[in-house]
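Per TrEMBL, these features apply:
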{"type": "DOMAIN", "residues": "18-301", "note": "domain 'MRNA cap 0 methyltransferase'"}
{"type": "BINDING", "residues": "Asn27, Asn28", "note": "mRNA binding site"}
{"type": "BINDING", "residues": "Lys31, Ala49, Asp71, Asp107, Gln129, Tyr134", "note": "S-adenosyl-L-methionine binding site"}
{"type": "SITE", "residues": "Lys52", "note": "site 'mRNA cap binding'"}
{"type": "SITE", "residues": "Lys58", "note": "site 'mRNA cap binding'"}
{"type": "SITE", "residues": "Arg83", "note": "site 'mRNA cap binding'"}
{"type": "SITE", "residues": "His133", "note": "site 'mRNA cap binding'"}
{"type": "SITE", "residues": "Glu224", "note": "site 'mRNA cap binding'"}
{"type": "SITE", "residues": "Tyr293", "note": "site 'mRNA cap binding'"}
{"type": "REGION", "residues": "305-330", "note": "region 'Disordered'"}
{"type": "COMPBIAS", "residues": "320-330", "note": "compositional bias 'Basic and acidic residues'"}
Amino acid sequence: MRVSSARTNQTLEEREASPIIHLKKLNNWIKSVLIQLYAKRGDAVLDLACGKGGDLIKWDKARIGYYVGIDIADGSIEDCRTRYNGDADHHQRRKKFSFPARLICGDCFEVRLDKVLAEDAPFDICSCQFAMHYSWSTEARARRALANVSALLRPGGIFIGTMPDANVIIKRLRQAEGWNSVTVYTGYVLMKNLKKRLCVFPSKDVHVVIISLTLAQDAVDCPEWIVPFHVFKALAEEHGLELVFVKNSHAFVDEYLKKPEFVELMRRLGALGDGKEDHSTLSPDEWEVAYLYLAFVLRKRGQPDQARGSSRRDKGKMHLSKEDISYITS
């Protein structure tokens, strides 16, 4: 199944004018820190729900050896291809990426990927940023997503990601007067049409909550599934993935802003602003919205092979044509 991306491309000026620009920069900082902490030179990377390739530069700075990006939206994959090739106007002045890549359009939470990527695996690190919760619409999809990660990672391989913090969200919703059409943060996030116990996972007796989430700038009204993290952790363990850490975004920022290298990274990204103009720093509302998310790191069980494979420069391509994009269906 192919889907189209609902989000249009924006100019640099349009992005900087967004009312949630500093929240986006903070999210980029969190992803950058995760990548710097766990990606190693020459790593083979699997990027699930890669979108338009917004993390390509982050991976390039980590000196990875090979990249595979998968997304369900064909428009996003095409934008990712354009970004990788350096064809987009605002990327004209940057050097080419140093790693070969492969792009795939398909539902990574529905399709069995070990067959599709048999010649590319195993991967050293897998990333799924702000998207893993979309696999929780059914138990079968949740299991397929984690089975794909486990099957494609090498023993000792790392899975990094970010997703909604169910504990915080449910706590905030319970504090509100009503469960339906709840405005959590005016002007930034609206959560409405909340339905408790919409999805029940029979084998786990898990009640997954569905909400409809709208971000002010994107104005995309779509279902979002949230699940208590301990349930995600238990299902991951069934698939051989052990928890390294989980931190709410606030705790993550508090911990890693104590490290000078990440303070400098925050400054370069401008997530906290430069203090020279009004509204140039993360607003209280944006900081509260950040509280709705968490970062996690999982590790696949087993001892890593000390004789790691080559950087896979014989895989993928350094320039991708439209014909190079693979399309997969269930």
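Placed from the backbone N, Cα and C atoms, the Cβ positions cover glycine too.
Per-class residue totals from DSSP over the compositional bias 'Basic and acidic residues' (320-330), listed helix then strand then coil: 3 helix, 2 strand, 6 coil. Below 8 angstroms of C-beta separation, residues 1-2, 74, 77-78, 81, 84-85, 101-107, 110-111, 116 of the same chain, each at least six residues beyond the ends of the compositional bias 'Basic and acidic residues' (320-330), sit close to that stretch.
Most buried of the recorded sites Lys52, Lys58, Arg83, judged by other Cβ atoms within 10 Å, is Lys52. Of all the recorded positions listed here (Asn27, Asn28, Lys58, Arg83, Glu224), Glu224 has the Cα closest to the Cα of Tyr134 (S-adenosyl-L-methionine binding site). The distance from the Cα of Lys58 (site 'mRNA cap binding') to the Cα of Asp71 (S-adenosyl-L-methionine binding site) comes to 18 Å. Around Gln129 (S-adenosyl-L-methionine binding site), the same-chain residues six or more apart in sequence whose CB sits under 8 Å from its CB are Lys31, Ala49, Asp55, Gly161, Thr162, listed in sequence order. Every protein chain shown contributes to the tally, and the Cβ of Lys31 (S-adenosyl-L-methionine binding site) ends up with 20 other Cβ atoms within 10 Å. Taking the C-alpha atom of Lys52 (site 'mRNA cap binding') as reference, the shortest distance to any of the binding-site residues Asn27, Asn28, Asp71, Asp107 belongs to Asp71. Asp107 (S-adenosyl-L-methionine binding site) falls outside any helix or strand according to DSSP and counts as coil. In this structure, the recorded positions under consideration are Asp107, Glu224, and the one with the smallest number of other Cβ atoms within 10 Å of its Cβ is Glu224.
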